Amino acid sequence: MEEKENYSQDVLRHSASHIMAQAVKRLFPQAKLGIGPPIRDGFYYDFDIDGEVLSHNLDRIEEEMRKIVREDLPFEKEMVSKEKARKIFEEREEPYKLELLEEIEDDEVSLYRQGEFVDLCRGPHVRSTGEVKFFRLLSLAGAYWRGKEGNPMLSRIYGTAFFKKEDLDSYLNRIEEAKKRDHRKLGKSLDLFSLSSELGAGLVIYHPKGAILREILERFEKEEHLKRGYQPVITPHISRAHLWKQSGHLDYYRENMYVFSLGKEEYVVKPMNCPGHILVYNSKIRSYRDLPLRYFELGTVYRREDSGVLHGLLRVRGFTQDDAHIFCMPSQLVDEVREVLRFVLFMMKTFRLGYQMTLSTRPRKYIGSPENWERATQALTTALEKENIPFEVAQGEGAFYGPKIDVQMEDALGRLWQGPTIQVDFNLPERFDLTYIAPSGKKERVVMIHRVVLGTMERFIGILIEHWGGAFPVWLSPVQVRILTVTTKESLFAWQVYQKMMSEGIRVEVDDDNAMLGYKVRQAQLEKIPYMVIIGPREKEKEIITVRTRDGENLRGLEISEFIEMVKTKIEDKS
RNA sequence: GCCGACGUAGCUCAAUGGUAGAGCAGCUGAUUCGUAAUCAGCAGGUUGUAGGUUCGAAUCCUAUCGUCGGCUCCA
């Protein structure tokens, strides 16, 4: 039922994209048509025309679309020979359509016409343009023809369409609401972090409130890793280029690396932590009895990402991974991956985050033997199955050095970002000759797993901000309690209460400004502080407190110790 | 990196070739007040940066840095 509903909504949107294309062709006959499919929340159509022209005329295009809708032109399907279709698109000078046509294997192709407009299209469509009533053009973007970087850049118009006006309105509304949860906006208003052009693009400054949030996450990470048999290691931020030559990064990844010369020597700012961890492993001979070895580091790395892909905290140039490398025997692979998966699930549950998992398999270009790939892929699959985790398979999407499991998390607008990832690596063990002495006394090749369980501190904090809309659970809140005085006369008592809470490890502040209570409540509310402790003459006299939660609930007449216990329990429970 | 849009006070925004302005925040003073904004005054800007056009530029042009939406990339 639901599938059918989606299907017909896709049809509606696909039809809307044809109407848009018709409108563009009417206004700008020189525009060449690309493709125009429905997508998750709407549709788009690509045109080969100066994007500036379109961007200045989105309103006119939408107006023309409404006209086409009023004309109520029927969508007419027509089966024609490829030969005839070719003639039609040659006449209309549509090179991209001709290119698509050549790739269709059937002798007959379907065309859809509405009025003077004709498109090569599989369909289906709604009956007539009059059925497409509620739509909106949303944005304009460049997009490479067929998604290939070397191809010409076309101009893509995004839009959306719904059967009902209410649905369109609520969709537009939802986008507006989601924008309020944008971590870049909240990061500013909650004073968590900033990015500064003086520093450089993609480099994050954590302000005190963002830094304490990160500090809490890092402490938590360290504890949890120690509980699971990881050994902390620490490796430098820069190293001789030689190391990266051996790892292969200088050959494959150089354009993303910060490389600098010092006298005769070339140095590299690390873009990854693996070579450092490998040096730890290779610092002595390893026995099978030592394995698995799990080295953990909150490793800060720098990568020169393309300027166009930077995005707040979610895509940056300097970031800290909760990185670990597991060195194990092939026979230990499944168990190790299972443990990591459990770790990831534990994290997702602790932070109440939704996610989806993808298993990426062998790409066309790869290193290592097909048998090893098969075995590793099988190990990952087995681990996923044994943990009962639903996952999708991305055929051929693995790294060239091994298969991987990626975990994606959603931002406020539903865009997916990779967080945790578990990658098997056949490459580095070869390049660095990573071995252990087997029971037989012979050297064997070690298996290496790269894994992060949150991903990076930056991205994870970004996702957390959007997930909670800035209203973090108590244990993560930069300020857990703010004490508000009703008049300045309660100041002394307020600071006494502050001392008690502070000494219990609660992050607490006092607002004893000479301002009205309503004003202070509003400030605390805007800062999304979980608890406001209100102290007026009544409380001062009886040495009790009144607590207002950020949800607006009031708890009156609490003993101070009672409240402290309550907050500590919340922190303990991570709720 | 590519396409398009954008960049004005700490923040949110106004000023379409003719003297840069408002609200909030900040500071000073008054007010001592009970759950989302008390009142008044003051201060705050080489309009991202660098060039250019013009009698005159926030406004037009060029370059550059950065931001936003996509595309591509994501060892």
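FYI, residue positions are counted from 1 along the chain as it appears here.
For all residues, glycine too, the Cβ spot is worked out from N, Cα and C.
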A:Cys274, A:His325 bind Zn(2+) per TrEMBL; candidate in A:His125, A:His450, A:His467 listed for that same site:
A:His450
With the Zn(2+) site defined by A:Cys274, A:His325, A:His450, which remaining residues of that chain have Cβ atoms positioned within 8 Å of the Cβ centroid?
A:Met272, A:Asn273, A:His277, A:Ile278, A:Asp323, A:Ala324, A:Gln423, A:Asp425, A:Leu428, A:Met448, A:Ile449, A:Arg451
For A:His325 (Zn(2+) binding site), what is the tally of other C-beta atoms lying within 10 angstroms of its C-beta?
25
Can you count the other CB atoms that lie within 10 A of the CB of A:Cys274 (Zn(2+) binding site)?
22
